[in-house]
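Now, the feature entries from Swiss-Prot:
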type	residues	note
BINDING	Cys27, Cys211, His236, Glu240	Zn(2+) binding site
MOTIF	29-39	motif ''HIGH' region'
MOTIF	268-272	motif ''KMSKS' region'
BINDING	Lys271	ATP binding site
Amino acid sequence: MRIFNTLTRKKEEFIPITPGEVKMYVCGPTVYNFFHIGNGRTFIVFDTIRRYLEYRGYDVKFVQNFTDIDDKMIKKANEEGTTVKEIGDKYIKEYYEDADKLQIERATVNPRATEYIEDIIDFVAQLIEKGYAYEVEGDVYFNTKKFNDYGKLSGQSIEDLQMGASNRTSSVADERKKDPMDFAIWKSQKPGEPAWKCPWGMGRPGWHIECSCMAKKILGDTIDIHAGGMDLTFPHHENEVAQSEALTGVQFANYWMHSAYVNINNQKMSKSLNNFFTARDILKEYDSDVVRFFMMSAHYRLQINFSKDLLDSAKASVERLYNAIGNLENLIDEVSRENMNEEEVRYLNSLNKYREKYIEKMDDDFNTADALTVLFELTKDTNTNINVNSSKELVNKALDLIRELGAPLGLLQKITKGSLEDEIESLIQQRQDARKNKDFALSDKIRDDLKDRGIVLEDTPQGVRWKKIN
């Protein structure tokens, strides 16, 4: 398996620290609003990579944080007349709701920065003690000149970084720094801000130190994979490298991975530009399989343009795949022979070439676009060569293979007609009973839960009917 490593700017053979195990940290959302579809791409990409690593037999410890103390959160809390904690609680709940609908698996650990304040204070104190940080009137800055490798992740020279930082220096706070490139790892309290007691007075952590501390505390001094959106490469991830390696003296992460932007009209989607669509808005119109297919139709390091036309195209592609599955499932009731004959055994063995090709594509820096092509080739083959004269065993094994290769991509796992019919009919009956009892809240919940699973109900004069949607 080869991974493109941002640190070395080339593909490298993936060799985990501990054989069979992967320690992976992904920078999660700042929880002051619903996440937009650009953020969603990052979450879907690294969920897919995590799924594929598990498919290949790795035990993945997957950590994705919540930034729940930040300038944006303080601003939001002040605007709404509430507390930063209440804002964080609300949008963490909303994150889980949207992520679940996108079939994003829950992380092994979802740490909140505010749960690690004491650890962060200790981290900052050690950096001061080692001479890598200094305190000025309650603020603490990291001394970038003391860290000789500053700039190695983003590939920028010290001269370029200094020039850029000098151009940005404008505030009194900046003028107190020893160098324009120095960045805050602890911020003194301002009126109306939450704060914690520390040796430098009341204050709160800087953004960059939060991830360094949580990654170290949960995964150790050196982790296998650190990942996030491409926009985090500098300064966020660069600063994480500096802080962490200054403290421990060892490499922070062996592989750095970054997903590219989602653009609208060739401009990066972002809240600051107000050119974004929330994942929640998109999910009102498109199924999670469609959104995931759209995201994976391009390599994760390539930017993609967002448009309704492209989503509609993804929807049509997903429908083709589900139709292929549906055709096979319908055959289960039509075929009369149970077990495979010798010719079918040979044919089934020939289908292994699709699994091998799929693994070859995904092992090459998680090439999801080519992996999707393999899925289409497989479904075309099975739909051409499996028919009413085939055995039930062959039909089921072909279905198993299609779903097996869809699973790491988070695709093709929804209920289709012909499977779990008893469960659906039972839920429909429960809904009917609830309506008779005027328990419309329960009735609506059952309907919405089924819709989330890809099943839509239709109330007709002949009774309730259900069908699969994509």
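Heads up, the Cβ atoms here are built off N, Cα and C, so glycines get one too.
Secondary structure at Cys211 (Zn(2+) binding site), taken from DSSP and collapsed to helix, strand or coil, is helix.
Mean predicted confidence for the motif ''HIGH' region' (29-39): the pLDDT average there is 96.
For the pair formed by Cys27 (Zn(2+) binding site) and Lys271 (ATP binding site), distance between Cα atoms is given as 17 Å, rounded to the nearest Å. Taking Cβ-Cβ distances under 8 Å and a sequence separation of 6 or more, the neighbours of Cys211 (Zn(2+) binding site) in its chain are Tyr25, Cys27, Asn65, His236, Glu240.
The Zn(2+) site, placed at the center of the C-beta atoms of Cys27, Cys211, His236, Glu240, has further neighbours from the same chain whose C-beta lies within 8 angstroms: Trp207, His208, Glu210, Ser212, His226, Gly228, Leu232, His237, Asn239. Following the DSSP three-state reduction, the secondary structure of Cys27 (Zn(2+) binding site) is coil.
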